[in-house]
Structure formats: structure tokens, C-alpha cells
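Participant: If you scroll down you'll find the structure; I have some questions about it.
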Amino acid sequence: MIGKGGFGVVVKSRNKLDCRYYAIKKIKTKGYTDSNQEPLTNKLLREVTTLSRLHHQFVVRYYQAWIEKSCDSFQSLEEGNEDLSGDLETDASEDWFMQSSINSRSIISRDSYSGLSTSNSNVGGANNTAGGGDSVSNANSNKSMIVGNNNKKLTLSSSNTSSSSSLLSNNKSKILNTSKSTSTNTSTSTSTSNTNKNKKISKKKKSKLSPLMKPKNKKNKNNGESEQSSSDSENGENGMKSRIIENASDSYSDDDNNNNNDSNNNYHSDNESDSFSGSISMSDGNGSGYEATDDEDIINNSGSFDDNENDDDDEEDDDDEYDEEDDDYETFDFQDKSRVVSNNSKLSTSSSRKKPPKETHTLYIQMEYCSKKTLKTLIDNVGGIAEEEAFRLLRQIVEGLNHIHSQQIIHRDLKPANIFIDNEQNVKIGDFGLATSGAPVSKSDDLNSSTSNAANNINLSSSTNSTAQQTPMWDLNDENLSMTGGVGTPFYCCPEILEKNTKHYGTKVDMYSLGIIFFEMCFQFQTQMERSNILRDLRDNLKFPPGFESTKPDQTQIIRSLLSRDPTQRPSTKQLLESGLLPSKMEDDILKEAIKTIANPTISLFSYLMEKLFCLSNDEHIMSRYLYTSNPSLTPMHLICREKTFSRLEKIFLNHGSIRIDTPTLFPKNPTNSTHPGAANVAKFLDESGTVVYLPYDLTIPWARHVVIHNIQQAKRYTFSKVYRRSQPGFSPKELYECDFDIIGPSKSRHISDAETLRIIIEIMEEFKDELFGNNSGSNSGSGSGGSINYKIRINHYGLLDSILSECGVEKRFFTVVYQTVAQLHWRLNWAQVAQSLKEHGLSASIVSNISTYFRQRGELAQCVTQLESLLANHKEATTGISDLKILVRNLQMINIIPRFLLDLSLIHNHQYYEGLVFQAYIERPTLSNPSRTEIIMSGGRYDKLIKSLHPNPSLSNNIVSGVGVTLACEKIVNSVLNYRQHLLNNCFNTTYTRRNKDPPNSNNNPNNNNLNNNVSIFTKFQSHIEVFVCSLGSSLLGEKLQVASQLWSAGIKADYSQTDYYSSEDIYSNCRENGIPWVVILREKAFQIGKLKVKQIETRQERTVARKDLVDFFLKSRKHNVDSKNIIQNTSSSDLSNLIGGINNSGSGGSGGSGGGSSMSSGGGGGGNSNIGGSDHHHHGHHSNQSTSSSGNSNNSNTQQTSPIQHHVHFSNTKSIIGSSGIISNATFSGGSSSSSNIIHFDEPTDSFSTQIVYQGVEEIKKSKIETLVQTSLSKLFRGFIQSKSSTIRVIVTDLAYSVIRDLQISESHDNISKFQRVSKEKLLQLKNQIFKWKVYPFIVIHSIKDDKSVIFNSVV
């Protein structure tokens, strides 16, 4: 063993395979089974997570980590009394982990002993605190002392390895009790004998334990005062001054270097073997232990620093400072009854209650092993560090920190003891126990990194005037230190953490620590008191020792900048490396000169360089890390919503005759890319030839290149593709989906293209209005038709901007500045910030006011164009812009979409390559904090200038085509669709039918009936691409589930099966609801053996048991069709349905105005024809008073002989229509007392089949069985909601003719139109005609096309 950390030990180990030495940290924790304890394990793994992302020459290398589980019972005596301090210094003298070897938590295993009793050890010298003192024992006896009550224990342990044991009392002991019972029972016997000795002990300055060491034990918080008073009185009787620890909030300071004691207080020695270290380990009632160990490890609540440097062994606990978030770890679990643990493994009490075995987890972290020493060892050496060596080490530290910060990691505990030195005298930054990942970086860091010349213009000197008058940080009270961020070692901790004057801190906290470290490297201290005083002056007032600034000006400048109290004034690692203040390495100079030569692509060495670069192999850690797969994975429902969103958008684009054209992913760097407004965030890469290539930042530039390269003259295209944003080095670029619609054409047609593009925007906003505004309150919620949808489209024309700026008095040299500043108005800055920025760029207040007058005005497009025409009449350059806008107004008025458009002169979007018309579609999302908040959904414009700039032959630029396009923020729309779906489904399943309802969902008595109908349509709208989900309960039944799924696949049913086990039906239903799956088939082992399956419909929550052989037929009958998929059937208008039913229900009449007279087969106008039924909820016509053989023809309101062919789907949700022997009867007031009620069969579900008679024409015999099922499904949807009498039969003719042919067919006894059809269809039509005449006695006939799977209702023929 080579070291001991805050949660475990570090051992030196040799791998049996490669025979190399490694440092392995072992951390032992409880085996948590409660999910609530998972965050604790995650915190414990923070160091592993941090180290795994780092791989640098000057950072301790991480290899791997693993966890082993074990069941701990009472350990053996040998195991339970492992001496962690006996040979510690011998090992530490050779190993770099020596700094973390001594100062650690209690060595007592929580599972080895059930409790600890109190024992006393007299303490003298400088380590006595408040009379009570710390308990110290030498290496020979290795005794420990426990201070505890029923809920809190304090373990004080120490080690001494040499003759310094004479300073201590080896055979005396003393008890510090915090409980009356403990005091009475255990300390009276020993306290008297120690009274005289105790009086000689000098008082020490007491301090409070910092928030870093406070456990989160909230129990017995109110018992502190009573415990203290009781214990104080008893200790007073024993002649001793004791200190009570209340809820582990108070501690002792053994590090103040008060040398006013007796001559025995000389333990601070130059001899390394005479060193001494004390440790305070605390545990609360829950077993959480916290330790105060080193002179630089605790920030005292009193505001003072423990600065004693008595540890010449350089012991620095490698995890000895803790954030509050680490205080939840439980490392010890003592019972109320306590014992003393001595070196010979004997317990001082006679009985101990055994604890049951507990599962423990041991985390192993394998790291690079470094021998030699630390930077602290070099600093403490006689003579210190040479100036040249100090700069070399500083550069290595900065390079290592630069890598750490580039991974968005803050070390937070940078100090000499945590900077190791390897065999080659190079730096290795280690101890990442307090490092935090993903901490917010200060804004100044971002600004500095994005500024090209920031490094050269860095201000590395800061005046002392800004800090000289400030209150020293040591004057802070207790409250000022009780902050979460209060971590790190005091002398190296930055002011913003100690003073709590900032909510977030970034990498600049490490730069402050670096300043203190560099000062220690440059200045040799003679005594510890001198070190303490000088560092205090340096931190408080930036006061250097006399002569330091004159003899070391470069070092002074660096230190002064690093120790600036303002974090924004401290340089970053990158700025410091490029500042020129650090002497460059010789190899750097050589490399820079070489790069100047080989960077020329025309020489052969350039190819050699590229070849070598691309021959590099990645480190195995990079291969195993997740850095290049860091884009978050999406839920299945998100992916489904994305596909459905793309499908809905695609329908709109296809409706306009566009085609999908994708462009190449990579394209070379060019001047247009470099001037792009988002150029800083473009993802750039190098190919093997040394060409810089870009991933697309947007889809406009790649498309414009495609148009120019392929000489496209006319095109209307759309695309869905990814765009990318640059991430931190070593991470995948951020991926986003974008959709573009573009029109390329001749210049003369550009105005029509502009209007069509704006029409596309309107159609998209209307298509997604429910999703975009579904969560809004008021009239904007719901379907969107009842209230005004608050979206607008702002328009501007760049041809007007120059004229307006000239009108405002802006000089031309400021035009670009104004455009760039105003461009941020609608998404980053408000107008006050824009005005301030313009003033900072040199524009006068009056000019800014004039600009505001124009740019802040917006209004209705047509009206504003008229006003601008008169206002800019004297500016010739505005003529083109005014003319284009007037034409646009006319075109928008022609297609009746003008009211949605506003003219907004402040709209400036991608001015680098857009010219002419630009536009943006936005929605208003006001909040309490920002009532004018808007969100941009689409933007675009005319990019003729971009196409010209990419053209290889500028002389032909006048013949170049023009282009206009719109870009959609797909992710915003997809997220809106997803959120809207979740919102509706949450409401849907809260109001749907449950088993507790007495009436079924279809019953009129069920109050949830209307909600259920709405919810079903909602569920269908967001239905998954999977129709049936096959799963099992109890047993896995993987093979059986595959068989059932295969059975469904063979019938064309979209199905999937679960590969995981479910133990609850509710889990299955919940999964289906979340993923929009309408049906679930549940297999149980015993039921499956007899061929029975359980089927449940998720939307109605109805269950039934189905035989396996009937499963396919069941789903073919019951299949629900998603409104977003290609429906087999389509809805019709309510007027067409009314005409049909009205004509059918006119018993004995000739239709509405027809001439059929009293014919029982009247056609309503003299011609029999076909008609289809469409969906309608309103068809209340007259009652059918008798059951005579009356019939109806195809009548309509226009009283014409022509029939309107209508597609066949109908769904009656709240009506009762009867299919009887006389035809279709609409009976809105049907009741049980009706004369026909006894003959009525009510079908609760559309899956029940109607009574039919089917005649097949042109159908193979083998296919008739399957076709019959399809026909039944079609009829169930066609007559959904109808009631069929027992005596009625629906006649169906199944033919292989196309639906379009059947739809156009007209037949009567006097004439037909068969002659107009092609010869191929005539024979089949004649057969169909003959069958129709055979069934002319029936009121209607259903003709079903198996070719298109659609049906037509054909009325009677006369």
C-alpha cells in the first residue's frame, strides 16, 4: 500500500501480463439496492468519469475502472486490523502517492466492529485543542480515541514514526464525552489521574469545521445545546476543558503554528522521519465520516486558515477536501455502543452485538504509477527551484490545464501536492476527486476564445488599487463560507468561492490557484510563519515581498494577472500560452519554422505531412470513449413524431409538384462560408489532401453550389437533412434536422416564385397550428379554427435598407455594422441593447434615434408599401425594392393570403448572401417576464447573390438563374408535435371509459361517450407505425411470440414483439399508450398451449380472448387506419350523404323533383346511378313509417341526372340508421318501442360482420376466402354505426375492375356509358351490368373493387 485516500486506499500493483506497475485506488462503499441511493453512487464515480475524458502528457493517465461486489461479515482479526500507517512513510518516501497516504478517514471498517467504546489518551503540545485536544499516539502503539454520543462519533487518530513519541503521553488516556451517560460511565475513572497533566496542556485556537466537512445529518439537531451544557458541567468537575461537537459542525484545529508551549512542542523538524500528522475523523449517526487532516485542507468557519506546514512528509490526502454533495457517502456505520480498537486487535468491552452480513461494493480505479515526488517536494527543497526550471514546469502545468479545461472540466483543488513529478522531471496533474464536469464557463472565457487577437492583446497586469481597499477574506463570518461551492484548499482557493459573490464559476478558479503555485515556485520561504504572512498579503492586497517585483518582473506580471480578484481579468490557459510571457520551448520554435515551410500545399513535404497525420492511430482510450457518439439518443415516440412530421410536410411539398433532392454532406471551404454569420460554429475538417471541408451549417449553401455545378435552370425541390454545429474538440458536432424548400427558375418568374414560397409557409403553419398553439390558453387552444392563431410572417426587402440608412444620416462605412447589429434583434437582443451597441460603434444618439424610428415600425404589408413609396421617392436605389414589394402585394392578394404578412424593416437575415426579399414566420409566445417573446419557425429569402458568388464564370452572371427558398426549424416543429401529443394523450386517458363505468362506451348513458370519441381520434392521429404489439406475461416465450408475429406479418399487418419480459399488464398497456400502439396481444404459457390469446384495444380498453387460428381474421376486420397513412377509404361530404339517405328514405316517391312517379325503383331524375356514402354526423331525415318494398334512387339537390361519384367511407358516431329490407333508414328518434325494434340487431363494434350476399367476377377461387374478409372489413367501416334488421341482406358485387372505372359507370334500363371505356374493360362491364339488372329489385348494391380495395354504393336501376 502506498497511500490512503478519503474513501479508500491506494496500492502499488504490478500487472502479471505486462509486468508494469500501476497505482490502483480501492474505494469501499455500501451495496445500495434502493433506487434513491443511486445518485450517491454517481457522485462517487465522478473521479472516474472525469479521468476517463483526459489523456494528456502532463495529466495523470487513467486506464480503467471496475466494481467488485462482496458480502462482508465480521472480518478476521488480520483483515480488520490492517495497519494503514505503520509502514506508511517508508512506502511514501518512494511513491508519489505519499501525499495522500497519511491524512485519511478512520481506519476502522464499518463492518468489522459493531461499535466503539471510549478510551482516553493524553495529548500535549501544539496538538491540544481547547484543552480537550486531539488524541495522538505513536507508531508503536497506534492507538485511537473515539469521542461520541448516541448519535455522533468523532475519531481522532494520528501516527508518529520516531522519537517524537516523547512529546506525547503514551500510557495515559482521556475521554471527551458528549453524552451524560457516556461521561458518567466511562470517563470518571480516568479523568482524575489526568487532571494535573491536563492543566499543563496549552490552549489552542479553536475553529469551526468548514461546510466542506459538514455531514448532512439533520437528526438531533435540536439537542445540541442540552448536550453541550451537560457535558461541560461534568468535564468541569473533572478539571478538564472539553469541546462539544454539535451535529459535527465544530472541529478542532491542530495546525495553528503556536509555538508558545513547552519545549516539547518541537515536532516540526527538518528531518523527514520526525514528521507528525494528526487527523480528525467524524461520523454522524448514519455512519458518514468526515476528516480534517492537513494544514491546507480545511477552511475554518472562523475565517482563518490552517497554514501549519508541519508535514514534511508532504502528506496531502488525495481526496481530503469534499464538496457538500459528497457528504452523503456512508463509509462507517457504528452502533450506539462503542469500543476502543487498539493495535493488538483486542476490544475493550466484553460484548458486542453482531451485525448481519452486508453486500459491499469496491470500486477499483487503475491509474498511471509515478514514482519520485510532487511539486511540493521540489518547492520545499533547500534552494528552491531554479528560474528556468520554474518556467518549464509552469508551462507544462498550463498545457495540462489547457487540456483539462478544453474538456470542460474544472480541477478545483490545484495545489503543489496534487502536481506530481515523474522520473523524467515532467509534470503530472492528478487528484481529480473535487473536479467537476460541465461546469459553467465564464462569459469572458467564451469571448476570449472567440476573439482572434485576444491572446496577443491580453492584459496580464492588474492594478492593486482595485483590491487594496477591499476587506480581507479572512474577516468573513461563518455564513459567508456555508456555500456549496466552498471547496478546495484555502490558500489556493479563489476569492469568488470564499466570498460567495458569484453563483457560477468557471475555469478561472484554477488560474487563481496557479498564481499562488507559481509564486511558491519563484520564492523560497524560510519559515512557515513567513509563508503564512506573505501569502496572506499576496492574496489580500497583491503585495509582493520586498525586491521581488524588481528582480523578477516577468514572474510578477504573470502572478499579478492570475491573482486578479476579478475572474474576467485573469487570463485563460490558452491566452497565457500565447501571451509570449512564457519562454517558448526550443522544439516549439523549430516546429513553427518548419510549419511555415511545409504548410505550402505546392511542395512535396506538404503531402508527406498529410500522409503522416492520417497515419496516426487513435489511442485505445479514445476508441473506447463515448466522445464521438455524444449526441443524445431519442425516444421511439420522438422518432415516430419526427417521421410523421416529415410525412405531413412532404405531402405539402408534393402537392406543389416538388421533388426531393439531397446535396452532398461535405463541401470545401470558400469565402462565402468564411463570411457566414455562423462561421465560428461551422464544423470544419481536413481531408487527406489537406483540403478544408465543412459540414453543412445550413442547407442553402450546398444547394446553391449544386445549382451552379450542375447548371440547373429550373427546379422545385425539398429536402430533409442534418445540419451541424461545432462542438468542443474531441466531441461529435451537434446534429440538427433542417428542412428546405427551394424554387429555381428564370429571373422573370421570380415574383411568382416568391408568392408560391410564401404560400408554402402559410400551408405549413396551418397544418401544424394545433401543435404549435395547442397548449396556449384561450381561443388558440383546440383545433385552431375557433380563434385567431397568433402567427405572423414578417417581410423585408434589402433593396430598401441602404436608402433608409442614408435617410437616417448613417455613413456608408457604418452600413455593415448596423446590419450585423440589427440582425440580432429578433432572437438575441432587444432594441435597447441594439441601440447601445450602435452607440458603442460610434453612431450618435440622434442617428440611432432616427434608425429606431424606421426599424421599430411594422404594419400591414400593403399599407406600409404605399407609405414607403412616398417616403423614399427621392432615393433611386429604393425603386427596385418598392417595385418588388408592390408586385408581391398584388400576387398575394390574388391567392388571398395577404392578411398574414407584415412589413418589418428591422428584419435582417443572412445579409451576406440574401438579396431582395427576405421573410420570417414566427409565433408569439408571451411570458410574464417577456410579454413580447417570439419564436422563429421558418425563415428564408431570395439568394440570387449567393448563386452569383459561387458561379465559376462571373462574365455569365447575368444569365444566372434566380432562387428563393425557405428553411424550417424541424426540431421545433417535431418537439411541438411531441409535446402536443403527450398533452392530448394525458387528457385522453384520464377521461376514457374504465371498468367502473356501468354503461359501455357506446351507450348514450355514458357521460364520457363524447370524450371517448374525441380521444379515439386523438389516439389514431398519433398512432405508431406498429399496429400490433405481441408480448408475454410470466414467461419469456420468445419463440412463440415470433410465431404469432410471423402470422401477422404474412397477412400484411404491421407487428412487433417484445424481447424483454413483462410482469404486469399495466406495464404493457402503458408502453403501448406511450408509443401509440393501438393493439396488444398477450401470450400466457398455459393459454397458448390450448391456442388462446388475449387481445386488448388500447384506445377503448376492451379485451377479448381470440383463438390463434382466428387472430389474422380478427385484425383484418378490426384494423384501425391512421389518418396520416394511406387510407383504404376516404371521407365524403355531409351533403352527398344527405342526398343519398334522403333519396333512399323517400318511400314511393321519385326523389327530390324527379319524374319517377310512383315507381318502386325510382332513380330521382330518370337515371339510375351510383353513389357513395361519406361521413356525416347530421342526417336527420323523416321516419320510415312502414316496411314496404319502397326504394330510392340516386337523388341530389341539383335535380340533375348526373351523379357525383363519391368515395365510400362513412362513420356515424351518434346516429341510429337502420339497414332493412327497404334500404337505409335514418331514424334519429329510434326507441325500443318502435315497430321495427324487435327486428333490429345493434352492433356495438365495427368488427361484427353484416349479413351479406357476395357475387365474385374475375376473382380466382383460391382468393375468395381472403377477399370475403376484406369485404366484411370494408362494409363494417362503410356502415359503421348502422343497425341491420334480421331480414335484411347487403348485396355485394366483387370485381377486379379499377375503382375509377366503377365510379364513372352509369347504367339505366334505357341507356349506359359502357361504350366510352376501353375494350379491355367492356366485357367485364357488361357482366357487371347483367348482375346489376338481376338485383335491380333491391334498393342499393355495393360494388367492391379488389384492385383498389374501395367500394361504391350503386342505387337501384329503373
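Every residue, even glycine, has its Cβ placed from backbone N, Cα and C.
As listed in Swiss-Prot for this protein:
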{"type": "BINDING", "residues": "Ile2, Gly3, Lys4, Gly5, Gly6, Phe7, Gly8, Val9, Val10, Lys25", "note": "ATP binding site"}
{"type": "REGION", "residues": "125-359", "note": "region 'Disordered'"}
{"type": "COMPBIAS", "residues": "136-148", "note": "compositional bias 'Polar residues'"}
{"type": "COMPBIAS", "residues": "149-196", "note": "compositional bias 'Low complexity'"}
{"type": "COMPBIAS", "residues": "197-208", "note": "compositional bias 'Basic residues'"}
{"type": "COMPBIAS", "residues": "258-285", "note": "compositional bias 'Low complexity'"}
{"type": "COMPBIAS", "residues": "306-333", "note": "compositional bias 'Acidic residues'"}
{"type": "COMPBIAS", "residues": "342-351", "note": "compositional bias 'Low complexity'"}
{"type": "ACT_SITE", "residues": "Asp413", "note": "active site, proton acceptor"}
{"type": "REGION", "residues": "445-470", "note": "region 'Disordered'"}
{"type": "COMPBIAS", "residues": "447-466", "note": "compositional bias 'Low complexity'"}
{"type": "COMPBIAS", "residues": "1148-1172", "note": "compositional bias 'Gly residues'"}
{"type": "REGION", "residues": "1148-1204", "note": "region 'Disordered'"}
{"type": "COMPBIAS", "residues": "1185-1199", "note": "compositional bias 'Low complexity'"}
Participant: Suppose we draw a 10 Å sphere around the Cβ of Lys4 (ATP binding site). How many other Cβ atoms does it contain, all chains included?
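Facilitator: Taking all protein chains shown, Lys4 (ATP binding site) has 28 Cβ neighbours within 10 Å.
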Participant: Distance check, please: Cα of Gly8 (ATP binding site) against Cα of the residue listed as 'active site, proton acceptor', rounded to an integer number of angstrom.
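Facilitator: Each residue's Cα considered, Gly8 (ATP binding site) and the residue listed as 'active site, proton acceptor' end up 19 Å apart.
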Participant: Could you work out which of the binding-site residues (Ile2, Val10) has its C-beta surrounded by the smallest number of other C-beta atoms within 10 A?
Facilitator: Ile2
Participant: Cβ atoms within 10 Å, counted per site: which of Gly8, Asp413 has the most, among these recorded positions?
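Facilitator: Of the recorded positions Gly8, Asp413, the highest Cβ count within 10 Å belongs to Asp413.
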Participant: Between Ile2 (ATP binding site) and Asp413 (active site, proton acceptor), how many Å separate their Cα atoms?
Facilitator: 21
Participant: For the C-alpha pair, I'd like the distance in angstrom between Val10 (ATP binding site) and Asp413 (active site, proton acceptor), rounded off.
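Facilitator: Distance between the two Cα atoms comes out at 19 Å.
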Participant: What is the interatomic distance between the Cα atoms of the residue listed as 'active site, proton acceptor' and Lys4 (ATP binding site), given in whole Å?
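Facilitator: Cα to Cα, the residue listed as 'active site, proton acceptor' and Lys4 (ATP binding site) are separated by 17 Å.
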